[in-house]
Amino acid sequence: MFYNEKTGAVPPVPSNLNANTWHTVDLQPAPQLQPHAHTAPTVTPYLGLRARLSQLWFNRWTILLILVLVRVLILTAGLNDNIGDAKTKALSACTKVEDIGSAMASMPHYLSVGVNSMAADGITKTVSGMVKMLMMILTGVENLILFIINMYVGTYACLIAALIHGGLDVSVKVVEGATKVMNDAIGTITGQITESISDVQDAINKIPDTISSFLGGVDFDLPKIDITKNLDDLENIKINSNELVRDIVALNKTIPTFDQVENFTKNAIAIPFNFLKEQVNSSFGSYKFDDSVFPVAEKQALSFCSNNSFLNDFFETLFNVVRTAKIAFCVAIPILAVLAIVGMGYLEIQRWRREKQRSREFTERGYDPMDVVYLSSRPVTGGFGLWLSAKFKSVKKQLLVRWTIAYGTSLPALFVLSLAFAGLFSCLCQFIILRSIQKEAPALANQVGDFAGDVVGTLQQVSTNWADDANGVIIKLQDDINDDMFGWVSNATTAVNDTLNTFDDEIDKAITAVFKDTILFNTARNLVGCLITRKIETVQEGLTWVHDNAHVTLPLFANDVFSQGANNSVNGDSDLTSFLASPSSVTTDEITSAVNQVITKLEHGIVQEALISTALLLVYVIVVLSGAVRALVASAQKEKTRGEGGEQYGVKAPGSRGSSSASSGNSDNHHYHHHHDNSAPSDFDRKGVIYAGSVKRGRPGPERWPSHARKSSYPEVEGPDH
């Protein structure tokens with residue numbers, strides 16, 4: 001029995017009336033076990049094993065996993081709605097891009113009409129200018145040829161005429177001079193002959209006289225030489241120079257002037273040129289190209305959204321990803337919940353067995369009631385605290401370590417920690433879904449990036465088809481011009497060559513007719529051949545070159561006439577920010593932004609939940625750190641001695657003996673320890689530490705003494721039953 005001095009109880013019996021000395025009094029008597037109500041094995045005021053196992057299906061971890069599953073289901077439902085909205089926006093944006101692309105791909109249809117008109121007008125003016133230029137060239141060439149022929153013919157006709165006339169004049173002068181000399185010579189010779197004959201006649205006349213005198217006067221007559229008449233006849237001979245040069249004078253009058261050759265050549269050369277001019281004028285004089293023969297590019301209706309199932313397939317893939325993730329989590333999380341139920345069931349069975357064992361130990365021995373309650377309610381964390389505290393030798397540190405573990409594993413702290421883990425696990429599940437969606441997003445971006453390429457490819461194809469058809473028309477016109485106009489030029493050059501050959505033949509005939517039987521024939525022929533024929537051959541070579549190269553090559557349309565600008569824009573040559581100039585910033589932003597919004601929204605939700613879960617985890621860490629700091633501070637405080645009112649922390653484990661007073665030598669009497677039975681040691685004995693009294697704080701309560709003990713100044717030492 002105990003009493004309180006302040007309540008007016010009967011004071012204790014003085015010590016001098018006690019048979020034993022105070023040394024024999026056990027200041028810490030064995031605790032008196034309190035009787036408890038009788039309980040049947042099947043009817044108890046507490047939950048038995050079956051009752052506890054019946055509540056395993058809604059244990060803490062299962063409930064948290066179910067909450068995570070509910071969060072995932074809510075997320076997938078929201079994702080399906082968001083993906084549906086994104087699909088609608090993407091299809092709308094894709095349709096807009098499709099309309100823009102169709103309009104751009106149809107631009108050749110509208111541009112080709114103007115290009116055809118411009119090309120037709122250019123061809124008309126080109127042909128008209130070519131006709132005018134050809135007419136001027138033909139006229140110029142014709143007159144140039146005639147000028148050269150006239151120059152050659154006139155020059156050499158004058159040279160030949162001068163040569164002939166000069167030769168004839170020389171011949172006439174020579175004949176006249178020779179005739180005069182001969183006539184003068186005949187008169188002189190006749191006079192000299194007459195004088196000589198007169199002298200001879202005088203001599204002959206003296207001969208008879210001499211002979212007569214010599215013969216004595218015989219007279220005889222000698223015949224007289226009379227040649228006077230003959231000399232008169234000889235003197236009367238006159239050479240007429242006119243008769244001698246009559247043929248030469250007649251030849252001089254018959255020298256040709258080549259007018260016939262010139263006129264013939266002029267008429268012959270004019271024939272092909274006039275024919276060519278008439279053909280050119282009749283065919284291309286009023287030429288106008290018909291632009292209707294040019295093709296018109298067809299309109300293009302791009303359908304990379306309408307007929308292309310990529311977008312639908314992409315979003316169906318996203319729906320399938322969400323559906324698969326939903327099914328996976330609906331399967332995995334319940335499995336984890338079942339495993340949690342199984343694990344918690346196993347732990348509950350172990351806890352039940354451990355509680356039954358400890359209840360017997362707690363019943364058979366005296367322990368700190370609070371420690372008993374704690375170890376009974378928290379066997380796992382309490383056991384972990386016992387295991388960890390056994391590593392320290394100081395009893396106080398052992399108590400503080402156990403207190404720290406108990407503080408950090410209290411129900412509120414573990415509730416915060418479980419919420420943090422559940423939130424992080426939920427974020428992990430959402431992150432898995434996010435990564436699955438992000439993995440599919442680049443495929444959409446790549447496909448959208450190809451839309452611009454599809455437009456440019458269509459433009460290129462349309463441009464190529466139109467250019468091929470238009471170039472076919474131009475090539476046909478080019479062939480017509482080469483076959484008609486320049487074919488006539490070829491014919492004209494051939495005719496001119498033939499005419500020049502005829503001209504050469506006519507000149508040769510004229511020279512032959514004039515100089516055939518004269519000594520000037522070869523000279524005149526060689527002179528004309530050197531000065532005229534070789535020049536004609538040179539002109540013929542030029543006409544042959546014209547004949548071989550008389551064709552025109554019209555410029556053709558390039559295959560990228562309508563797509564070059566678009567292609568340059570896609571390749572980055574344009575500074576414009578347009579569908580083609582920057583497809584990544586326009587097309588991708590228009591279409592993929594819908595998916596990016598879903599991803600961004602999901603990311604923001606994950607980040608928010610992760611921050612909340614991290615905040616809860618930090619709260620738990622702060623709680624643990626505050627408990628650890630409090631334990632460290634308590635461990636560092638200087639302890640009071642027992643005489644100063646200090647506290648005794650705990651007792652030795654059951655079965656271990658405390659040392660007795662050295663002076664008494666009686667091992668059965670202890671001042672501060674209980675007598676305990678050494679039988680049936682528990683796991684607490686092996687750990688070397690048990691319960692321990694609580695560290696006192698606050699205002700101390702009234703002191704108590706046993707009714708059989710005298711009042712003493714020693715403070716009462718609390719036993720484990722207090």
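Counting starts with 1 at the first residue shown.
Cβ coordinates are placed from backbone N, Cα and C, and glycine is handled just like the others.
Of Leu49 and Thr409, Swiss-Prot records each on a different side of the membrane. Looking at Asn281 (N-linked glycosylation site) and Asn497 (N-linked glycosylation site), their Cα atoms lie 23 Å from each other.
Asn497 (N-linked glycosylation site) and Asn263 (N-linked glycosylation site) have their C-alpha atoms 17 Å apart, to the nearest angstrom.
For the transmembrane segment (605-625), same-chain residues at least 6 beyond its ends with a Cβ under 8 Å from one of its own Cβ atoms are 75, 407-408, 413, 416-417, 419-424, 426-427, 430-431, 434. Ranking the glycosylation sites Asn263, Asn281, Asn497 by how many Cβ atoms sit within 10 Å of each one's Cβ puts Asn497 at the top.
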